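K.L.:
Sharing a structure here in structure tokens format.
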């Protein structure tokens with residue numbers, strides 16, 4: 001049993017104390033011994049138990065010197081996880097050189113050490129004890145975080161460590177190990193992961209150029225082969241992720257100019273994620289000559305590939321594919337989606353629900369932890385046919401006799417670590433480093449390490465033909481994909497349909513104007529009177545991480561889930577919240593070191609997208625709301641407006657959900673947040689509705705936007721700085 005023992009305060013450190021009561025002996029009582037009984041064979045009433053109370057000290061906060069000193073005393077204080085926690089997180093508050101100097105100087109200055117009780121610190125015994133402790137810490141450091149010593153071209157820390165070992169532990173296995181590590185680093189001029197970028201043109205052999213996907217070549221790859229190769233690339237990158245690169249205090253600094261090479265292992269993983277997303281979009285939209293049915297077949301193929309990724313427990317590529325299919329340019333292809341079979345649409349719906357943002361992505365988190373400790377995927381499907389196919393594929397995997405690992409969607413962990421870094425202070429009273437924060441961060445880091453270990457179970461062989469094809473793909477920009485999407489939909493609308501197909505389409509197209517959002521389970525739909533995704537109409541994922549840059553760099557991010565609209569999206573501009581590469585959403589979504597609102601699924605933003613017809617599949621009960629808030633229509637006390645910044649083209653806007661309770665300051669603040677501006681500057685801006693080319697409606701400061709707006713014109717607004 002455990003009991004709180006309060007805290008102990010020392011000079012430069014604060015400790016949490018826990019008292020642990022442990023049974024150390026169980027023996028027969030006096031009467032039982034007279035009868036000749038043994039303690040472990042007697043009922044409890046005939047035994048005597050002896051207990052011992054031990055004290056566990058865990059450092060809660062301290063100076064850097066105290067935290068390093070605690071590396072040597074942690075085992076004596078029964079804080080057995082301290083060394084692993086410190087090594088995984090210390091980069092947030094110290095450099096390897098500072099820690100190494102403190103650690104080695106402590107060993108070299110025994111006379112100043114307070115380690116030990118009344119023993120003479122200059123005695124051989126005390127020196128041997130300290131030598132063993134130093135060696136155990138160094139061994140753990142090299143085992144768990146050898147990347148800390150990769151400092152080309154000088155490798156100052158590694159050379160300092162080697163010099164120390166030669167003087168104090170000559171000819172030891174530790175000295176040999178450090179020498180080998182130094183040679184290994186020197187032979188690797190550039191870290192391997194820096195060059196591993198599946199979309200980099202430097203990966204192409206001489207004479208090759210980037211090209212738009214050939215549908216026939218893509219169709220020649222079997223679904224399970226594509227999934228296995230995507231998994232192979234994801235595994236190679238995820239295993240190389242250095243856990244401390246994911247810490248919020250480090251990852252949030254990546255956008256600074258001087259940090260362009262910060263966290264390369266995480267950047268490489270994000271680049272691969274975005275490459276998969278863009279590959280999906282380019283294969284669907286890249287060829288203008290495709291017929292509707294051909295385009296639908298490609299969508300079906302990607303859904304099958306996503307299902308194969310699910311069987312392989314590759315949640316990274318699975319989410320990348322789903323995100324691409326939910327991007328504005330693909331989601332809006334109404335006519336194409338009508339040609340996708342019902343069974344495959346249902347499979348797509350089930351795969352999409354894995355990443356529902358309900359309860360902070362609770363479904364995907366629980367599934368990830370469940371899969372992390374299982375040998376094979378745990379598959380469930382409400383559709384019998386899909387269930388049969390899944391079990392058949394899974395059985396083939398099991399027959400191979402090779403266990404599978406689990407590749408997570410790294411953005412979930414990055415978001416958690418950003419939130420922890422934002423919520424908890426780095427320093428506590430007295431300027432002491434808050435080590436409780438590092439213990440919390442280590443809980444997330446430990447999950448990453450567990451999943452990295454599981455990836456060793458994969459046994460995948462690279463297919464060079466597919467990998468070369470994947471690297472050759474030219475990725476469409478946001479503008480290109482949107483234009484191709486409009487052209488494809490316009491061409492589909494002009495096609496002459498047969499009477500039979502016309503009848504089928506009329507039946508399906510009637511469902512498009514009911515506002516059903518295929519990606520949100522009906523039971524999770526909020527009442528129409530309250531904003532979707534929260535009281536302010538924003539995403540519930542309030543702190544996320546960012547890889548987006550406005551210059552469409554390698555770390556741009558992917559799409560959000562659009563909200564259906566009754567209007568023809570071809571007649572509207574694109575929402576800069578949406579698209580295959582969004583300006584402030586996606587795998588990551590904050591600028592600089594701060595955090596911003598938004599997530600990969602943001603139902604709180606509007607869109608000009610059409611919806612995929614699913615009501616005829618029986619997926620939406622009759623009790624579900626008939627109409628969700630939409631653009632250009634007030635219904636149920638809410639609607640969606642589009643807000644552009646003054647001076648920018650009106651086709652670049654942010655969709656904002658408003659209710660009949662929202663007043664000008666609330667809407668202005670949300671618009672500023674959406675446009676990545678300071679929300680505190682509400683008083684400096686005015687919100688106006690565009691009535692016509694020469695007329696605007698200016699709102700008083702405390703006006704109710706919902707009732708004050710002109711509902712007979714487009715719900716287009718401009719956010720303008722006051723003169």
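A Cβ is built for glycine as well, from the same backbone N, Cα and C atoms used for every other residue.
Those TrEMBL annotations? Automatic predictions, nothing curated.
These came from TrEMBL, pasted as-is:
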{"type": "DOMAIN", "residues": "55-186", "note": "domain 'N-terminal Ras-GEF'"}
{"type": "DOMAIN", "residues": "222-491", "note": "domain 'Ras-GEF'"}
{"type": "REGION", "residues": "517-618", "note": "region 'Disordered'"}
{"type": "COMPBIAS", "residues": "530-539", "note": "compositional bias 'Low complexity'"}
{"type": "COMPBIAS", "residues": "540-550", "note": "compositional bias 'Polar residues'"}
{"type": "COMPBIAS", "residues": "568-578", "note": "compositional bias 'Basic and acidic residues'"}
{"type": "COMPBIAS", "residues": "579-613", "note": "compositional bias 'Low complexity'"}
{"type": "DOMAIN", "residues": "637-723", "note": "domain 'Ras-associating'"}
K.L.:
DSSP helix, strand and coil counts for the domain 'Ras-associating' (637-723)?
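P.N.:
Helix, strand and coil residues of the domain 'Ras-associating' (637-723) number 21 helix, 35 strand, 31 coil.
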K.L.:
Going by DSSP assignments with H, G and I as helix and E and B as strand, what are the residue counts for the domain 'N-terminal Ras-GEF' (55-186)?
P.N.:
89 helix, 8 strand, 35 coil
K.L.:
What is the pLDDT of the domain 'Ras-associating' (637-723) when averaged and given as a whole number?
P.N.:
86
